[in-house]
Amino acid sequence: MKDDHLDDGHHAYTEYEQHQVNKYESEKIETYDDISQSKIEAGHLEAGEGAGAHHSDLQQGTQRGLKTRHIQMIALGGCIGLFLNMGLNIATAGPAGAFIAYIVIGFMVYCIMTTLGEMASFIPVSGSFNHYATRFIEPSLGFALGWNYWFSSVTIATELAASATIIAWWKPVMPDAAWSTIFLVLIIALNMFSVKIYGEIEYYFAMIKILIVIVFIIIAILVSAGGVGGQGPIGFKYWNSPGAFANGGVGTVSVLLSAGFSYQGTEVVGITAGEASNPTKAIPRAIRNTFWRILVFYVATIFLIGLCVPYDNEQLADTNGNPNTSAFTLIFELAGISAGASVINAIVLTSVLSAANSSVYTTARTLLGLANDGNAPKFLAKTNRFGAPWVAVLVSSFCGFAACFASIYSATVAFTWFLSITTVSGFISWWGIGFVHLRFRRAYIKQGRDVKELPYRSPWYPFSGLFSSVLCVLIILGQGYTAFTPEFDAIKFVSNYLGLLPAPILYVAHKLITKSKVIPLEEVDFETGRVTMYQIDEANEKDLNLPWWRRALYYIL
């Protein structure tokens with residue numbers, strides 16, 4: 001699918017920007033700060049103008065050390081649900097039901113990513129969508145969305161617990177808590193150094209995941225076609241018996257939330273914008289690749305599992321995290337690969353550690369963004385000489401680790417509640433991205449700006465934002481229907497809807513205390529920290545100087 005972004009190297013300047021570029025081109029001005037200051041002096045922009053103008057330096061000590069290849073892999077590396085949920089989802093909804101659910105959520109996630117990509121490539125800052133909410137709508141919404149996302153992304157608790165459980169399968173001598181502590185210390189240490197280290201680690205973790213999924217897809221195709229395993233061609237045999245759907249349409253709807261958990265983490269691309277070395281190019285490429293990776297790594301995988309394993313296979317419905325019952329393991333066993341459980345266990349361990357590393361990164365940058373926006377204590381914005389927000393890293397890690405130890409005494413109950421809270425909070429964050437983008441575009445057009453000047457444009461506007469926002473609300477409200485049938489279950493009700501409470505409570509409390517108001521469309525700040533047409537053209541010129549085969553490779557990959 002071709003993106004609706006500018007790739008021809010030519011852009012329409014506003015009259016003033018054309019004048020400024022012509023005036024300063026010989027002096028090689030490459031940052032917005034210079035042009036912004038000249039606008040202030042010329043009277044075209046008032047000092048302190050706009051909701052976000054108090055951010056004179058939106059990076060606040062961080063460094064732009066993430067390359068395009070890092071960002072393209074980070075979204076995939078932050079997701080672990082690919083390996084953990086698929087079997088149970090097929091058992092719940094059937095192969096066709098799960099397939100439909102993953103397509104619907106996958107399309108929604110792609111819409112969300114395109115809306116986030118438009119904002120992040122134009123104003124690349126740490127803190128991302130909570131900063132955009134503060135800047136384009138009102139501070140109270142930014143406060144609520146920022147802290148809500150911080151709560152939802154402190155999943156290091158479940159990830160550390162999961163890593164210890166995975167290690168326990170090999171029957172080690174050390175207790176689970178010791179393994180969790182070791183992994184946490186390593187992850188904290190990695191996040192205390194340059195963001196380049198984080199990018200490299202996530203790059204190779206994601207490569208491992210990609211390779212195993214590619215191998216799995218090849219093996220699953222061979223199993224279905226009868227090329228391996230000695231069963232003969234399977235085709236759509238299991239779609240006929242026991243059937244394509246389990247529990248009818250209700251089963252499909254019930255899997256939507258779980259499928260959403262599988263995709264959560266893709267929005268990390270927006271968080272990285274503030275540390276991308278070339279966000280004008282890196283973010284659009286990462287968004288484009290998100291579509292293909294969703295199509296291949298999620299939709300194709302769930303489809304092939306549904307072909308090879310009947311939904312009434314008892315092992316698919318196992319919820320104890322046993323690698324022997326993983327859908328991936330079952331496919332390996334059907335192909336006659338006896339070491340499948342060990343291989344999948346090792347891969348899941350790397351995925352969990354990658355997700356934990358990503359959680360520490362995102363929570364720290366979210367706190368950094370909140371502190372820079374005045375929505376969290378200023379000391380959380382402190383960075384070290386490597387550009388790492390070390391205080392935010394320690395605070396986020398401590399909170400996640402405390403939750404991890406709390407879950408030791410009642411792991412099953414704690415995991416169920418924590419998963420429900422974080423998943424619902426994740427959907428609220430996705431809703432926020434789509435909703436904020438609608439406001440972003442309205443204000444941008446209201447101020448007479450040309451959308452062709454954006455480095456990347458979300459296709460299907462306003463459908464993409466409306467569709468994703470409405471669907472998120474419907475899933476959030478409808479996911480707890482099991483609490484009402486066959487009779488009302490108070491415990492299920494609280495578990496299903498507890499994650500819905502923090503965001504509105506935070507919003508109302510902040511609004512009552514600060515008396516914040518919605519920013520008029522005409523006063524929304526599109527100047528502070530944005531990329532300039534000069535920078536966009538410079539990036540395009542570099543691309544045009546590349547050999548044709550490298551440009552083609554960049555577009556595909």
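Our numbering is plain: 1 for the first residue shown, then up by one each step along the chain.
Using the three backbone atoms N, Cα and C, a Cβ is placed for every residue, glycine included.
All TrEMBL annotations are machine predictions without curation.
Features of the protein shown, as given by TrEMBL:
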type	residues	note
DOMAIN	70-517	domain 'Amino acid permease/ SLC12A'
TRANSMEM	73-93	transmembrane segment
TRANSMEM	99-126	transmembrane segment
TRANSMEM	147-171	transmembrane segment
TRANSMEM	177-198	transmembrane segment
TRANSMEM	210-232	transmembrane segment
TRANSMEM	244-263	transmembrane segment
TRANSMEM	291-311	transmembrane segment
TRANSMEM	331-356	transmembrane segment
TRANSMEM	388-409	transmembrane segment
TRANSMEM	415-438	transmembrane segment
TRANSMEM	459-478	transmembrane segment
TRANSMEM	490-509	transmembrane segment
**Recorded stretch, among 99-126, 177-198, 244-263, 459-478, 490-509, maximising Cβ pairs under 8 Å relative to the transmembrane segment (147-171)** = 177-198
**Fill in**
Contact set of the transmembrane segment (244-263) with the rest of its chain, CB cutoff 8 A exclusive, min separation 6+ beyond the ends, reads 79, 81-82, 84-86, 88-89, 91-98, 100-102, 104-106, 109, 294, 298, 311-312, 419, 423-424, 426-427, 430, 475, 478-479, 481-482
**Fill in**
Taking every residue in the domain 'Amino acid permease/ SLC12A' (70-517), the average pLDDT works out to 84
**Asked** Okay, the transmembrane segment (177-198) and the transmembrane segment (331-356): do they have at least three CB pairs under 8 Å, pairs separated by 6 or more?
**Response** yes
**Message:** If I count Cβ-Cβ pairs under 8 A between the transmembrane segment (291-311) and each of 99-126, 177-198, 210-232, which range comes out on top?
**Reply:** 210-232
**Prompt:** In terms of Cβ proximity under 8 Å, which residues at least six beyond the ends of the transmembrane segment (99-126) contact it?
**Reply:** 55, 58-60, 62, 75, 89, 93, 132, 135, 252-253, 255-256, 259-260, 262-263, 266-267, 269-271, 273-276, 279-280, 283-284, 286-287, 290-291, 294-295, 298-299, 302-303, 306, 365, 368-369, 372, 430, 433-434, 436-437, 440, 454-460, 463-465, 467-468, 471-472, 526, 528-531
